[in-house]
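Participant: Taken from Swiss-Prot, the feature disulfide bond applies to 87-164, supported by sequence analysis. According to Swiss-Prot, the N-linked glycosylation site annotation covers 5, 9, on the basis of sequence analysis. According to Swiss-Prot, the feature topological domain 'Extracellular' maps to 1-19, 74-87, 153-172, 326-341, an assignment based on sequence analysis. Swiss-Prot lists 41-52, 109-131, 194-304, 363-390 with the feature topological domain 'Cytoplasmic', giving sequence analysis as the kind of evidence. For 20-40, 53-73, 88-108, 132-152, 173-193, 305-325, 342-362, the entry in Swiss-Prot reads transmembrane segment.
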């Protein structure tokens, strides 16, 4: 945790000002994530696989604003001594919430990767509520196992009167392992899922361009095939009529009848081909438009995930690097500068940004928010109503 001794030299007015702005951040985190949770409760249309993971993320970020920051303000700015029990509770809860937030981001990225790379299998095999709840619980269990046991065990390593920070802060290798589990692996996984999403989109876009006019090709091939069959049948009828010995009159009648039959056959085949071609062309155009809409939706999704990855890296990389560097110093001489405190706060700032990056960019959540605030889109007046009013 940040060095409380560095706040002793601050004036009371400065501390009150800082406490006010920190409280605003905590309130903004609670408000933004509470809206996401409320939207999930109010709107039943949100209760599908991806929205459950958004809910899990919002819960972890919400309690960052409820527990982590409110306990941090009096301890750091006003030198409130927690005591051992409250200190252990705060550390365990704070690390649990922040790590769960990170792992929920990984889970959401993985879910989006499955929906883009294999949409059919995603829709048919991943709809069970039990599987979704199992994944949500697994996030919290893994998040606790990363830091929780070490915080409890290393509490006996600390000296009396030391700061409220984990006892393993003086062991660089433990910090390296926890940073690897909290930051490095999640960043690699989220980057991997995003790259695969972009690769799948590129392949789909390339395939869509190559098959931009599949209906025209099918029509031309059908028409050519039926025309060829019509000509072939006419030739066969003509050759058959010349080979049969008969009188000149009967032969001429036979030729006329064969020509009329071949022309009718050709006209019927062309008519059938044109009808089949029109059906195949309309079906292919509709299919192409549907694929184009899905491709645009997937592109927007990929862009939002790319922004998420960048924000996540910016919010977590500085603190992970600082903790490893500070582990080489003793707790008394560690240079915990203002940059360390900024890096520390960036983790909590990520909990404020998450509801803006995820649900607020999701159309279903936007509709749910409009429902919460009782905002309805006003329909445009029709021409009939305008004429009546005039």
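Glycine too: its Cβ is placed from the backbone N, Cα and C atoms.
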Participant: Could you tally the C-beta atoms, other than its own, that fall within 10 angstroms of the C-beta of residue 164 (disulfide bond)?
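Facilitator: I get 21 for this one.
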Participant: Measuring Cα to Cα, tell me the gap between residue 9 (N-linked glycosylation site) and residue 164 (disulfide bond) in whole angstrom.
Facilitator: 19
Participant: Which of 53-73, 88-108, 173-193 shares the most C-beta pairs under 8 angstroms with the transmembrane segment (342-362)?
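Facilitator: Between the candidates 53-73, 88-108, 173-193, the best contact partner of the transmembrane segment (342-362) is 53-73.
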Participant: Could you give the residue numbers and ranges of same-chain residues that sit at least 6 residues beyond the transmembrane segment (173-193) on either side and whose C-beta is under 8 angstroms from one of its C-beta atoms?
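Facilitator: For the transmembrane segment (173-193), the sequence-distant neighbours (Cβ-Cβ under 8 Å, at least 6 residues beyond its ends) are 98-99, 102-103, 105-106, 109-110, 112-113, 146-147, 150, 154, 305, 308-309, 312-313, 316-317, 320, 323-324, 327.
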Participant: Looking only at the topological domain 'Extracellular' (153-172), what are its DSSP counts of helix, strand and coil residues?
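Facilitator: DSSP composition of the topological domain 'Extracellular' (153-172): 10 helix, 0 strand, 10 coil.
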Participant: Could you tell me the mean pLDDT the prediction assigns to the topological domain 'Extracellular' (74-87)?
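Facilitator: In the predicted model, the topological domain 'Extracellular' (74-87) has a mean pLDDT of 85.
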Participant: Could you check what DSSP calls residue 9 (N-linked glycosylation site) once collapsed to helix, strand or coil?
Facilitator: coil
Participant: Using a Cβ cut-off of under 8 Å, list the residues of the same chain at least 6 residues beyond the topological domain 'Cytoplasmic' (41-52) that approach it.
Facilitator: 108, 111-112, 115, 126-127, 132-133, 136, 364-365, 367-368, 371-372
